[in-house]
């Protein structure tokens, strides 16, 4: 069991940023609304108190900004500011990578989210066994469900009916993403996020164009591999970049743009895929369009800033100060540089971290947390539920795949928007626990609707309610928080490699769920599989309760410093 210790002497968080806006007229005071607030504290079960004491530095004795905010709230004051605005354009450009990710895994893309090729060549047999014999409309629905781009590609390129090759065309994307994730740490350390973003657009653009104009199996395979390679790098890059450039106070809200971008990409893919029903060659147009976001990212990153933390680590202090002044305000420059350099002295941060350092404390603990969070996220069943949701909607008479997918996509988007609002108010840990508890309740509701003798219409309605509630609660916490909290807990030196390791675990579990989900449903039935998803969700909530540290309102350096001090205190 991983246990963290802290010193008797408290280490206060770095002051959060109230605003970077220079115009005092934009600071408007309003009467304090009556809202429920979760105060930041540590769970006693996660920490042991060390008797070691040390003289606090000037940085540690500085009054935390969070205390100032609480004091103003007690006085009935509240402040509306625009401190997020300077960083927003840079975060928005980075989030385009998640839009592209959502586009590629959306209904009109070659990859269903999380289910590799076996979905497309197994769903027919499984779905027919469950639904085809009930009525002819259900049968035609399943046929249409299978008539996605992969079927058109297989027919045009001459491997139609070969389930192994069809599965390979889709699964090669996961292989590329795996390679991209594990190699991203080295690129981020050496080049920084901004240049890595630009270089990463090359396989994204080339892969999309190569896939769009493919006339052979080899060409489509190489195209899909390149796209997966780019997506694998981007999934690691975006959370790191946002966590390092966003002001502390808004880091959670701006980080939620990752999930929103993915949802918008899926919905866009859905609408662009509608003409494919009547045009067997439309898949080429869909893949050509996929190259456009890559061009936008490449050009946009030319005007975006690099991470001030990476600039400081690379010895470019003047550039780091300029970025901090532009994004966080002139008053934050000296404090932030002092924080960066303090951390660098403690852990020897440089551009030459090694993978073997993941085995050392505190990096091994964070890597364990990151890998476990993604394992629990994937085995909680989000990908299986997403794809079986279409058949669930079929039960209540929704025979339109597009309409069912739209409902799912909008539910996912609504949850992501709620996460944007709640992330910096309720905190990461609260959202994570609440999300997994909601997912567990949703799964057990579906199991109850399937397993117990209820009125048929009531059973179908409960299944729909459970499915929609599951997707919504996932999008509030388990989706966005998992990717955000790992870079927050990681050290500056090892952040890239810890994220690369964590997302590698994500892609492996992603593949395994897709490989076995439909076989398990066919063998055991929907209810037992969904019950297992509910049990894993409960385990994830317990894990988050006991092991996850709240990071809301704390700078990355304050979090890293506290972890390093915990190790020192434990060894004394």
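A Cβ is built for glycine as well, from the same backbone N, Cα and C atoms used for every other residue.
Heads up, TrEMBL stuff is auto-annotated, nobody curated it.
Annotated domain 'Major facilitator superfamily (MFS) profile' per TrEMBL: 90-552, in sequence order. Summarising the annotation, TrEMBL assigns transmembrane segment to 168-188, 221-242, 254-274, 286-305, 366-389, 401-422, 431-450, 462-486, 498-518, 530-549.
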Which sequence-distant residues neighbour the transmembrane segment (366-389)? Criterion: at least 6 residues beyond either end, Cβ under 8 Å.
2, 112-115, 119, 123, 358, 404, 408, 436, 439, 443, 467, 470-471, 474, 478-479, 482, 485-486, 489-491, 494, 498-499, 501-503, 505-506, 509-510, 512-514, 517, 521, 526, 529-530, 532-533, 536-537, 539-540, 543, 547-548, 563
Within the domain 'Major facilitator superfamily (MFS) profile' (90-552) only, compute the mean pLDDT.
86
Counting only pairs 6 or more apart in sequence, are there at least 3 Cβ pairs under 8 Å between the transmembrane segment (401-422) and the transmembrane segment (221-242)?
no
Leading stretch by Cβ pairs under 8 Å, where the reference is the transmembrane segment (462-486) and the options are 168-188, 254-274, 286-305, 498-518
254-274
